[in-house]
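A short worksheet on the structure shown next.
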Amino acid sequence: MFEGVIPALITPFNDDASQSLDIEGLRNCIEYVIRGGVHGLLACGSTGESATMTHAEHIRVIEETVSAASNRIPAIAGTGSNNTEEALLMTRAAKMSGADGVLLISPYYNKPNRSGLLKHYRKVADIGLPVIVYNIPGRTGQNLPADLIIEMVETIPNLVAVKEASGNLDQMMAIIQGTQDLDREYPFILTSGDDSLTLPVLSVGGHGCISVTANIEPKRLVEMYDLFRRSDVKAAMKKHYELMDLSKALFMEVNPVPVKRAAEIRGLINSGNVRLPLDSLGEQNTAILRGVLSRYD
């Protein structure tokens, strides 16, 4: 269900005093990536600035994403929290909104123990939506090791995928090895959470990416994925390296600061602003980003 190229959508904000949601801009971004051939949508992840949205805004963005997807491709909602009750609240809201699945970042800051993590994921999974575990230790302060992911997969039937952003290929291979022969209704999916590792992850048995770069160059990323799936590895590798400069530029500052400015430069949204405590991309880095983007026109 969640294989292929899935953009981690930005959440555009207006330039008014409250930085209100730019729903028209969100819809425009969604149509752009769908025209680019992506295989799904993720709303309200790290790239979508879920951390600085109210619950009402968070739910509105999920609803708008589900509506805009219009059953053409799956719509996934980021509903994770370091507070299990909040994760339950947002996951129930996602289910009510018609989301096809949820992405649950591992609880950050409070560093739960193993049994706490297992109980957290089981409790949220009991709501009934397909669950994608999100492992990003650089943001959460805690890695989810391969043996823990495998135990989750063995004991939570609707835990269907992991977004792996640890940067550790050995760990990813261990997850793939440990889950590929399990007796499940659907094969367990491992998707890359690092754009620079999408092709390497595919090459060791991964299934796609949840991508920042796909907000800006969905077509090229989908072409790379399709070439790999057709076993044209040399052509896929060429596409991969073509995208490297852009992928690096989109992380010249903390995500999603550069990608929102890139979307503004491309005319997808009116403003690339972000909410505090993040700050928008400055003039010098904006000029660098423009130069990189010009090579993809």
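Cβ from N, Cα, C; glycine included.
Note that the structure is a prediction, hence the values are computed from the model and not measured.
So that you can see what the record holds, here are the features copied from Swiss-Prot:
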ACT_SITE  TYR134  active site, proton donor/acceptor
ACT_SITE  LYS163  active site, schiff-base intermediate with substrate
BINDING   THR47, ILE210  pyruvate binding site
SITE      SER46  site 'Part of a proton relay during catalysis'
SITE      TYR109  site 'Part of a proton relay during catalysis'
Far apart in sequence but close in space: which same-chain residues, 6 or more away, have a Cβ under 8 Å from SER46 (site 'Part of a proton relay during catalysis')? ALA8, GLY78, ILE105, ILE136, ARG139, ASN255, PRO256
Helix, strand or coil by DSSP: which one applies to TYR109 (site 'Part of a proton relay during catalysis')? coil
Counting every protein chain shown, other Cβ atoms within 10 Å of the Cβ of TYR134 (active site, proton donor/acceptor) number 26
List, in sequence order, the same-chain residues at least six positions removed whose CB sits under 8 Å from that of ILE210 (pyruvate binding site)? ILE6, PRO7, ALA8, LEU42, GLY45, LEU103, LYS163, THR191, SER192, GLY193
